[in-house]
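A.B. asks: Annotations per TrEMBL:
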- 20-41: transmembrane segment (TRANSMEM)
- 53-72: transmembrane segment (TRANSMEM)
- Cys65, His69: Cu cation binding site (BINDING)
- 92-113: transmembrane segment (TRANSMEM)
- 350-589: domain 'Histidine kinase' (DOMAIN)
- Asn470, Ala471, Ile472, Lys473, Asp517, Lys533, Ser548, Leu552: ADP binding site (BINDING)
- 615-729: domain 'Response regulatory' (DOMAIN)
- Asp663: 4-aspartylphosphate (MOD_RES)
- Lys714: ubiquitin cross-link (CROSSLNK)
Amino acid sequence: MDPCNCIEPQWPADELLMKYQYISDFFIALAYFSIPLELIYFVKKSAVFPYRWVLVQFGAFIVLCGATHLINLWTFGMHSRTVAVVMTTAKALTAAVSCATALMLVHIIPDLLSVKTRELFLKNKAAELDREMGLIRTQEETGRHVRMLTHEIRSTLDRHTILKTTLVELGRTLALEECALWMPTRTGLELQLSYTLRQHNPVGYTVPIHLPVINQVFSSNRAVKISPNSPVARLRPFAGKYVPGEVVAVRVPLLHLSNFQINDWPELSTKRYALMVLMLPSDSARQWHVHELELVEVVADQVAVALSHAAILEESMRARDLLMEQNVALDLARREAETAIRARNDFLAVMNHEMRTPMHAIIALSSLLQETELSPEQRLMVEMILKSSNLLATLINDVLDLSRLEDGSLQLEKGTFNLHSVFKEVFNLIKPVASVNKLLVTLNLASDMPVYAVGDEKRLMQTILNVSGNAIKFSKEGSISIAAFVIKSESLREYRNAEFFPVPSDGHFYLCVQVKDMGSGISPQDIPKLFTKFTQTQPLATRNSGGSGLGLAICKRFVNLMDGHIWIESEGLGKGCTASFIVKLGFPERHNETKLLFVPKVQANHVQTNFAGLKVLVLDDNGVSRSVTKGLLMHLGCNVTTVGSSDECIRVVSQEHKVVFMDVSMDCYEVASHIRERFGKRHERPLVVALTGNTDKATKENCIRFGLDGVILKPVSVDKMRNVLAELLEHRVLFEAM
């Protein structure tokens with residue numbers, strides 16, 4: 001064979017076509033094999049695709065087609081040019097479409113998977129929303145049950161009803177087999193079964209409070225599942241193959257339930273708990289749900305609030321009942337006290353009148369007897385009678401004053417009076433008594449002390465007389481000094497103490513009166529007793545002047561009424577003492593104001609001593625009193641006519657009578673009205689004066705209202721009657737202070 005030196009020719013066109021077919025078959029086979037893999041991946045990832053068997057069949061078909069093309073790689077043969085071109089074109093198109101399909105599937109499969117994922121996500125969201133809606137409905141149902149139960153609980157404030165209603169409503173709402181309430185005992189060491197729903201166990205059964213299961217529940221503010229076999233959960237007896245249901249327990253706070261007791265509850269329940277136990281039906285698979293436990297917890301809190309409200313109501317009702325009982329008792333005591341006071345006052349008023357009537361006879365007749373010719377021994381006896389009678393009259397006045405001071409019926413009669421004259425009159429009254437005991441009495445009035453003042457003249461004078469009288473009574477020798485001065489505003493604080501707090505003002509001033517004696521003195525430990533009524537601190541040997549122990553007690557009350565203070569100082573027995581008191585008086589509007597005198601103040605040596613020819617009419621139904629008054633007037637020279645009845649008085653009285661004395665009990669108001677009507681002109685009618693033993697203010701007010709010209713308080717002595725007639729004839733009016 002000859003060697004060929006020519007260049008090998010290019011691959012013929014037919015071989016080139018075959019090469020193209022070969023390459024196309026390869027890519028077609030590759031595409032066919034990749035498509036099933038992609039479909040398998042899709043099926044594996046897509047959990048919701050419904051036609052998996054179609055995909056499996058389609059994958060098998062493609063695998064077979066791919067295998068066919070793969071086989072063609074090894075079965076190429078010689079074909080005509082036309083056939084080869086057609087096959088090449090077809091295979092090229094198939095390869096292109098197959099590759100495009102495979103590539104498209106690679107791009108589309110994630111999108112298809114995402115579509116299915118969003119669908120699953122929406123389904124999951126829908127399921128979650130359904131669950132949430134169910135929870136909301138459950139919560140709404142729970143809330144409705146709580147509201148209903150709360151309404152039932154709050155519809156009453158009776159603790160027993162609250163607790164029983166709670167168990168009944170919980171049993172109905174949660175379909176419980178049993179529900180019970182355990183309460184702490186008074187000792188706090190045990191829990192007592194107090195209420196049950198079915199009443200399987202008797203109420204009163206107790207368990208120790210320190211059990212582990214109880215501590216577990218008390219230490220949590222949530223409902224706790226407990227063993228059905230625990231002591232507090234054995235709410236019904238076991239029988240046969242009884243399988244108890246699930247049991248939960250929750251604590252019920254007992255918040256500040258003072259004196260709130262149920263079956264021996266403690267009086268103070270702060271930081272203590274009751275125990276509520278709830279059991280589901282037995283022999284069932286039912287379990288406690290979260291919303292049911294929440295309902296139990298809410299109800300426990302509501303019960304605690306309702307119990308605290310009930311406790312508050314019970315306490316308030318108990319306090320109200322106790323207050324009502326106390327008010328009834330106080331009202332009864334007040335009425336009894338008022339009745340006793342009225343009875344006492346009525347008794348004192350009657351005794352006052354009844355005692356003054358015989359005292360009037362004793363003093364009047366003794367004073368008349370004293371002005372007759374008597375032997376020294378007889379005169380001494382008459383003076384002793386008069387002294388004892390005056391002491392008794394003073395005692396009567398003191399008892400009445402003290403009675404009115406204690407019941408508050410005594411009121412100050414304020415008016416303008418001559419302050420200097422009060423002290424001078426007291427001085428003139430006590431000086432003769434002091435001279436008998438050979439005592440020197442001095443009076444010292446400050447130069448700046450006002451002449452006129454506004455206050456109760458009678459009570460001020462009575463206080464000064466009582467204090468001065470005590471100084472004379474308990475002094476054997478030496479002197480007694482009476483001093484009075486106005487306390488300066490800047491010095492008031494020196495006199496302040498726990499009982500007395502003077503306050504300066506423009507319209508008032510504080511007058512201080514001091515009475516100093518050199519008498520028997522007082523032991524310092526006895527000084528606080530001096531102002532107690534019926535108390536006498538002097539030794540028996542020094543009580544020769546008598547006394548009731550009422551003087552200083554009355555003085556203290558008078559001084560208190562005048563916004564003042566009284567105290568006594570003494571260094572001891574035998575060293576004398578100083579009695580001081582401060583009273584609040586007012587400045588008068590006009591210093592030249594004149595005032596009619598209520599008591600005679602003219603001294604005996606300046607008074608008319610003989611009233612010869614003065615026609616006087618005396619009206620008194622008491623024969624003794626009538627005779628005594630007649631005797632006094634006749635002793636003074638009067639022409640006296642006596643009558644025993646009002647009608648007789650009206651018939652006898654004439655223009656010639658200058659004065660008519662009548663007892664208050666003899667319809668004196670009616671008689672006075674008749675006399676005023678009969679004698680129209682004031683200077684033509686006789687002066688009508690009431691003689692009375694009543695010291696109440698109403699008597700004086702009635703006499704003034706009915707037009708009487710005067711009121712004289714019994715008893716009346718010769719000197720007093722002489723002064724009364726002189727004042728009446730001079731001023732035509734005389735109202736003695738009551």
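Cβ from N, Cα, C; glycine included.
Note that the structure is a prediction, hence the values are computed from the model and not measured.
Situate these features within the shown structure.
C.D. replies: A simple way to gauge crowding: the CB of Cys65 (Cu cation binding site) has 18 other CB atoms within 10 angstroms, across all the protein chains here.
Across the domain 'Response regulatory' (615-729), the model assigns an average pLDDT of 85.
Here Asp663 (4-aspartylphosphate) comes close to Leu619, Asp620, Asp621, Asn622, Ser625, Ala690, Leu691, Thr692: these same-chain residues lie at least six apart in sequence, with C-beta atoms under 8 angstroms from its C-beta.
Taking Cβ-Cβ distances under 8 Å and a sequence gap of 6 or more within the same chain, the neighbours of Lys714 (ubiquitin cross-link) are Arg356, Thr357, Met359, His360, Ser625, Leu691, Thr692, Gly693.
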A.B. asks: Looking only at Ala471, Ile472, Leu552, which of these binding-site residues has the biggest number of Cβ atoms within 10 Å around its Cβ?
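C.D. replies: Selected residue: Ala471.
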A.B. asks: DSSP-wise, what's the residue breakdown of the domain 'Response regulatory' (615-729) into helix, strand and coil?
C.D. replies: 52 helix, 25 strand, 38 coil
A.B. asks: Cα distance, Cys65 (Cu cation binding site) to Ile472 (ADP binding site), nearest Å?
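C.D. replies: About 157 Å separates the two Cα atoms.
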A.B. asks: Spatially, which candidate from the binding-site residues Asn470, Ala471, Lys473, Asp517, Leu552 is nearest to Cys65 (Cu cation binding site), comparing Cα atoms?
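C.D. replies: Result for Cys65 (Cu cation binding site): the nearest of the binding-site residues is Leu552.
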A.B. asks: Sequence gap of 6 or more, Cβ distance under 8 Å: name the residues on the same chain that satisfy this around Asn470 (ADP binding site), in order along the sequence.
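C.D. replies: Residues satisfying the criterion: Gly551, Leu552, Ala579.
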A.B. asks: Including all protein chains shown, what's the count of other C-beta atoms within 10 A of the C-beta of Lys473 (ADP binding site)?
C.D. replies: 20
